Amino acid sequence: MAQLTETQVLDVLRSVIDPDRQADIVSLNMISGLVVKDSNVGFSIEVDPRRGPQLEPLRQSAERAVAAIPGVTSVTAVLTAHREAPTAPAAPAKAGPAGGTGAKALVPGVRAIVAVASGKGGVGKSTTSVNLALGLKANGLRVGLLDADIYGPSMPRMMAITGKPGSADGKTLQPMENYGIKVMSMGFMVAEDTPMIWRGPMVQSALQQMLRDVAWGELDILVVDMPPGTGDAQLTMAQQVPLAGAVIVSTPQDIALLDARKGLNMFRRVDVPVLGIIENMSYFCCPNCGHRTDIFSHGGAKREADALGMDFLGEIPLDIAIRETSDQGQPIVMSQPDSEHAKVYRAIAAKVWAKVAGPQRGTPKIVIE
Ligand code: ADP
């Protein structure tokens with residue numbers, strides 16, 4: 001079976017017509033946050049909030065249309081309220097800047113929450129999240145890892161954790177732990193191959209619960225593996241988590257396709273500082289001879305980062321060792337700490353930490369030695 005593509009999904013969605021506007025929902029730019037993970041598809045349909053309640057049939061026909069594509073096993077379409085992007089350059093987000101006092105109360109023991117995001121799936125966002133978290137740990141920090149990629153949770157596998165989180169008090173869940181990192185993932189609650197149906201409000205409450213109702217304890221940094229994409233669902237998440245900053249993972253091709261720019265814009269809309277960009281699968285290391293080939297016009301990320309005024313945090317090569325170790329639940333930073341790759345991840349981790357722990361705009365910190 002050929003792999004399902006975003007184009008295939010969009011093609012069938014073009015047959016779904018918005019009854020009020022007599023045009024298809026793709027041409028009307030109503031589809032956002034499209035995620036195709038193996039045979040599972042998720043997307044949101046952006047609608048005017050006033051029309052929301054009447055559009056359930058539209059949502060259902062969109063789901064049915066995609067479900068009819070051969071090979072699709074699950075489809076999740078959510079209606080999301082469409083909001084105009086702020087027109088003034090630095091208009092503050094309505095819900096208050098991320099990291100505002102209301103949100104901070106969610107996870108009081110956690111010093112900084114950092115999102116790892118990507119313009120689309122499959123660029124190595126989860127692999128980067130795990131190795132970044134392990135790099136932060138190796139640098140001496142207390143680290144948590146929150147798998148917010150609820151459409152395709154991969155942390156149980158990558159961190160080699162099985163079983164379900166327990167609860168000592170019947171109210172809060174104990175996070176799972178391995179390699180010295182506290183981990184929470186929807187994948188602990190449901191089997192990895194169970195297609196999950198997420199409706200908009202459920203997505204939000206799942207994330208809030210994983211923050212608020214988990215006994216994270218005292219952490220220096222909580223790394224959040226965001227769902228791929230930059231649509232409204234991701235935007236809502238970015239708004240709900242009191243983020244100290246975001247890191248964007250991109251492959252050289254996606255940089256050319258401006259996906260990194262979309263990520264940057266998404267976080268700007270919610271006032272979250274983008275700490276920088278990591279170029280993943282930057283060049284290819286031949287497993288036999290170690291020869292380096294730049295298959296995807298390497299170096300694009302650095303140029304793009306410069307052009308956008310973003311920091312370039314580092315480049316990770318495409319190397320089978322990175323894939324094998326993370327797919328086996330033995331991420332390279334932990335299993336091969338002396339490797340070049342582990343060094344690069346630790347260096348990136350140090351840069352990220354310097355940015356969030358350094359002097360922060362608007363939030364002076366009192367440090368008692
Ligand atoms: P995403 O979270 O963006 O969907 P993943 O982290 O799941 O992506 O990575 C997708 C696949 O690519 C996985 O099999 C992973 O092991 C592999 N991968 C990620 N980064 C690299 C890399 N630098 N070198 C080799 N394989 C990689």
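Quick reminder: no glycine exception, Cβ is built from N, Cα and C everywhere.
These come from TrEMBL:
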type	residues	note
DOMAIN	6-76	domain 'MIP18 family-like'
BINDING	Gly119, Lys120, Gly121, Gly122, Val123, Gly124, Lys125, Ser126	ATP binding site
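Most Cβ neighbours within 10 Å, among the binding-site residues Lys120, Lys125: Lys125 holds that distinction in the structure as shown.
Computed over the domain 'MIP18 family-like' (6-76), the whole-number mean pLDDT of the model equals 86.
Same-chain neighbours of the ATP site beyond Gly119, Lys120, Gly121, Gly122, Val123, Gly124, Lys125, Ser126, judged by a C-beta within 8 angstroms of the site's C-beta center, are, in sequence order, Ser118, Pro228, Val249, Thr251. Neighbour counts of Cβ atoms within 10 Å were compared across the binding-site residues Gly119, Gly122, Gly124; the minimum falls on Gly122. With a CB cut-off of under 6 A applied against ligand 1, the binding-site residues Gly119, Lys120, Gly121, Gly124 are reduced to Gly121, Gly124. Here the Cβ of Val123 (ATP binding site) has 23 other Cβ atoms within 10 Å, regardless of which shown protein chain they belong to. Within the same chain, residues at least six positions away from Gly121 (ATP binding site) with a Cβ under 8 Å of its Cβ are Val35, Val36, Lys37, Gly152, Pro228, Gly229. Over all protein chains present, the Cβ of Ser126 (ATP binding site) has 26 other Cβ atoms lying within 10 Å. When secondary structure is read from DSSP and collapsed to three states, Ser126 (ATP binding site) falls in the helix class.
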